[in-house]
Amino acid sequence: MSGRGKQGGKARAKAKTRSSRAGLQFPVGRVHRLLRKGNYSERVGAGAPVYLAAVLEYLTAEILELAGNAARDNKKTRIIPRHLQLAIRNDEELNKLLGKVTIAQGGVLPNIQAVLLPKKTESHHKAKGK
């Protein structure tokens, strides 16, 4: 026998995505590809797409958490752009980050200037003073 063939060779391990290795849901491979194709720099390190995917996943989870709370407050089970708008504008840090962003169909925050509200009557205070 010539010793060739497939006996005794190591079986190739099952492929594991970089996202699963990092414990992320966002696609590390796709982020890496987009960083390379985007002409941001000549070279892209191995850790950069993992870090960026983790940051994007965290921000998305944070916004969806707050939007889900806004939807629940409005007794709705589906998140709509209005809920995203309320979630972002009511959170100080997210509002600062996304200050210049317009959300389609988001509406505005309910706000009435204090000057426009009806004045409280002070009839009982004057009666006590006399």
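In case you wondered, yes, glycine gets a Cβ from its N, Cα and C as well.
Feature annotation from Swiss-Prot assigns compositional bias 'Basic residues' to 7-19. Counting residues of the compositional bias 'Basic residues' (7-19) by DSSP class, helix then strand then coil, yields 2 helix, 0 strand, 11 coil.
There are 5 other CB atoms within 10 A of the CB of Lys14 (ubiquitin cross-link), with all protein chains counted. Feature annotation from Swiss-Prot assigns ubiquitin cross-link to Lys14 (among others).
On its own chain, Lys16 (ubiquitin cross-link) has no residue at least 6 apart in sequence with a Cβ closer than 8 Å to its own Cβ. Sequence annotations record features per position, and here Swiss-Prot assigns ubiquitin cross-link to Lys16 (among others).
Using a 10 Å radius centred on the Cβ of Lys120 (ubiquitin cross-link) and all shown protein chains, the other Cβ atoms total 6. For Lys120 (among others), the entry in Swiss-Prot reads ubiquitin cross-link, with the evidence type experimental evidence.
Positions annotated as phosphoserine by Swiss-Prot, on the basis of similarity to another entry: Ser2.
Taken from Swiss-Prot, the feature N6-acetyllysine applies to Lys6.
According to Swiss-Prot, the feature N6-(2-hydroxyisobutyryl)lysine maps to Lys10 (among others), an assignment based on experimental evidence.
Per Swiss-Prot, the feature N6-(beta-hydroxybutyryl)lysine maps to Lys10 (among others); the stated evidence is experimental evidence. Taking all protein chains in view, 5 other C-beta atoms sit within 10 angstroms of the C-beta of Lys10 (N6-(2-hydroxyisobutyryl)lysine).
According to Swiss-Prot, the feature N6-lactoyllysine maps to Lys10, an assignment based on similarity to another entry.
The feature N6-(beta-hydroxybutyryl)lysine is assigned by Swiss-Prot to Lys14 (among others).
Long-range Cβ neighbours of Lys75 (N6-(2-hydroxyisobutyryl)lysine) (same chain, at least 6 residues apart, Cβ-Cβ under 8 Å): none. Marked as N6-(2-hydroxyisobutyryl)lysine by Swiss-Prot: Lys75 (among others).
Under a cutoff of 8 A between CB atoms, and with a sequence separation of 6+ in the same chain, Lys96 (N6-glutaryllysine) has no neighbours. The N6-glutaryllysine feature in Swiss-Prot is assigned to Lys96 (among others).
Around Lys100 (N6-glutaryllysine), no same-chain residue at least 6 positions away in sequence has a Cβ under 8 Å from its Cβ. Among the features that Swiss-Prot reports, N6-glutaryllysine is placed at Lys100 (among others), with the record citing experimental evidence.
Residues annotated as N6-glutaryllysine in Swiss-Prot: Lys119 (among others). DSSP assigns Lys119 (N6-glutaryllysine) to coil in the three-state reduction, outside any helix or strand.
The annotation N6-glutaryllysine is assigned in Swiss-Prot to Lys120 (among others).
For Lys126 (among others), the entry in Swiss-Prot reads N6-crotonyllysine, with the evidence type experimental evidence.
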Using C-alpha atoms only, work out the spacing between Lys120 (ubiquitin cross-link) and Lys14 (ubiquitin cross-link) and round it to an integer in Å. 73
